[in-house]
Amino acid sequence: MKHKIDVVKTLLDALPFIKKFSNEKIVVKYGGAAQTSAELKEQFAQDIVLLHLVGMKPIIVHGGGKSITQLLADLGVDTTFIDGQRVTTKEVMRIVEMVLSGEINKEIVSLLDNHGAKAIGISGKDGGFLKGMPKDFENFGYTGLIEDIDPEIVDNIIDDDAVPVIAPIAGSNILGHPGFNINADLAASRIAVALEARKILFLTDTPGVLDKEMELITNLSIEQTEALKEDGTIQGGMVPKVDACIEALRGGVKKAHIIDGRVEHSLLLEILTSSGVGTCIEL
């Protein structure tokens, strides 16, 4: 009986958050261990389906860097990085699109469908959703930046009561152009702004933003975040994550969260509990 009462209490505790975020768009950047562990994949799908069933509008933007690197190695295609960003030749671009659109995107859609949510997978090329431009073609090739976003196709998916699953590949207006490989964190941030999302969450392989003693910082303002970057507390791979958070917040998103995707049901814990499990950044 006690277990049953605990279940009811948990549901009641979540009720204020369900009411608060009902009918709100929530962008989730999906990557890291949560994207490679079979158990965590299932839990992620369950979390998204539950959020969708209680009236929220989750939008998934996924990466796939490790899978891309593995397939490139298997095929004997050289790949290089500059400052942590992949140099995308035309041959690499073809494989990037194969992995992101043809493999990972479809796997996520299938997972969500299997757990009871209607999901529709697209890339930024579909419906003219994302238009790209070169980051620095001479050095980075087809690694790009987002020039323009037309949210109509994603809005239509949401209006059809489905979950959009987006591969971060941008199209071009040039006939025959292979498109652009877009950093998934950057894509998620820009998409959240364009779709007027309430929240954006980044699933990572760390607990969140850590202080110099390696303790989790649960809440930050933009100013505090910038200061932690300047003094070197935030460094390495966390820098582009917090930059993406800041860009989203300055574009009108209310809150940005960096959470540990290795924690069971981390999405639900962050959205439906008062304490959360990661770092929340806000204006």
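Heads up, the Cβ atoms here are built off N, Cα and C, so glycines get one too.
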Practice task
Let me know which member of ARG86, ARG94, ARG198 Swiss-Prot also records as binding substrate at the site of GLY64, GLY65, ASN181.
Solution key: ARG86
Completion exercise
As a whole number of Å, the Cα atom of GLY65 (substrate binding site) is distant from the Cα atom of LYS29 (site 'Transition state stabilizer') by 13
Completion exercise
Between the C-alpha atoms of ASN181 (substrate binding site) and LYS241 (site 'Transition state stabilizer'), the distance in angstrom, to the nearest integer, is 17
Practice task
Between GLY64 (substrate binding site) and LYS241 (site 'Transition state stabilizer'), find the distance joining the two CA atoms and give it rounded to the nearest Å.
Solution key: 16
